[in-house]
Amino acid sequence: MKPTTIASLQKCKQDKKRFATITAYDYSFAKLFAEEGLNVMLVGDSLGMTVQGHDSTLPVTVADIAYHTAAVRRGAPNCLLLADLPFMAYATPEQAFENAATVMRAGANMVKIEGGEWLVETVQMLTERAVPVCGHLGLTPQSVNIFGGYKVQGRGDEASDQLLSDALALEAAGAQLLVLECVPVELAKRITEALAIPVIGIGAGNVTDGQILVMHDAFGITGGHIPKFAKNFLAETGDIRAAVRQYMAEVESGVYPGEEHSFH
């Protein structure tokens, strides 16, 4: 199988072809996703909640991310693999580079970091040293204590203009992908159209170039609160492989996410 690359996603944006991505944490699911053609995966610090049982992503370490990245890479050798740099792993550009090197050696193709214009120097340093960067704006879970909970971000003119400014700054610094989480559809559309790089949404409507879901949400195996933007594809199909195919098909056709999964 031909490897999926950042250039593959850039072509999807140029061709206006939506693409699906998903979180993965282990060999078996990564292998299954790849076999069904779902070839963009994220080893997210969401593993702190879904795998380790914490109530936030904050306890996750670089070693945790590297361990799961290596497992996913073994299951999906040709996927485009993103890996989160967890809380306090990129407080300075130098620290970011050291920790990015660790997860890249484990098998990641790209690192994802949360934050806006304050990360410009870090993004520049990483990209200059051959570490591709995916930005993450909107609801950034590592900032849950600042936000006072998991809340929609970017409502109102000032907040939306700031997120657009952040997105443009990250792109100018060298970021090659951007994740937008829990923002109004209207803002997601503005940002997606303003950027040349692909934008991946989660809780950002169907106007972004791609979508991502935490795999546990996509299969309905998350305990407790279910995010508004989540859809249980396994409940509709009764088969994990069929659920993966349906998720991909609904993203590519624009059926998912629907209005019921979106914010305004």
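Counting begins at 1 with the first residue displayed.
Just so you know, glycine gets a Cβ as well, placed from its N, Cα and C.
Copied over from Swiss-Prot:
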- Glu181: active site, proton acceptor (ACT_SITE)
- Asp45, Ser46, Asp84, Lys112: 3-methyl-2-oxobutanoate binding site (BINDING)
- Asp45, Asp84, Glu114: Mg(2+) binding site (BINDING)
Residues that sit under 8 angstroms from Glu114 (Mg(2+) binding site) by C-beta distance, when 6+ apart in the chain: His136, Leu137, Thr140, Pro141, Gln142, Ser143
Same-chain residues at least 6 apart in sequence whose Cβ lies under 8 Å from Lys112 (3-methyl-2-oxobutanoate binding site): Leu42, Gly44, Leu82, Ala83, Asp84, Leu85, Val133, Cys134, Gly135, His136, Leu177, Val179
Close in space, distant in sequence - Asp45 (3-methyl-2-oxobutanoate binding site), Cβ under 8 Å, 6 or more apart: Thr57, Val60, Asp64, Ile65, Asp84, Pro86, Phe87, Pro141, Gln142
Cα-Cα distance linking the residue listed as 'active site, proton acceptor' and Ser46 (3-methyl-2-oxobutanoate binding site), given in Å to the nearest integer: 13
For the residue listed as 'active site, proton acceptor', nearby residues of its own chain (Cβ under 8 Å, 6 or more apart in sequence): His136, Leu137, Gly138, Leu139, Thr140, Pro141, Gln153, Gly201, Ile202, Gly203, Ala204
Site extent for 3-methyl-2-oxobutanoate, whole Å (max Cα pair distance, Asp45, Ser46, Asp84, Lys112): 12
Shell of the 3-methyl-2-oxobutanoate site beyond Asp45, Ser46, Asp84, Lys112, same chain only (C-beta within 8 angstroms of their C-beta centre): Thr23, Leu42, Val43, Gly44, Leu47, Thr57, Val60, Ile65, Ala83, Leu85, Pro86, Pro141
Fewest Cβ neighbours within 10 Å, where candidates are the binding-site residues Ser46, Asp84: Ser46
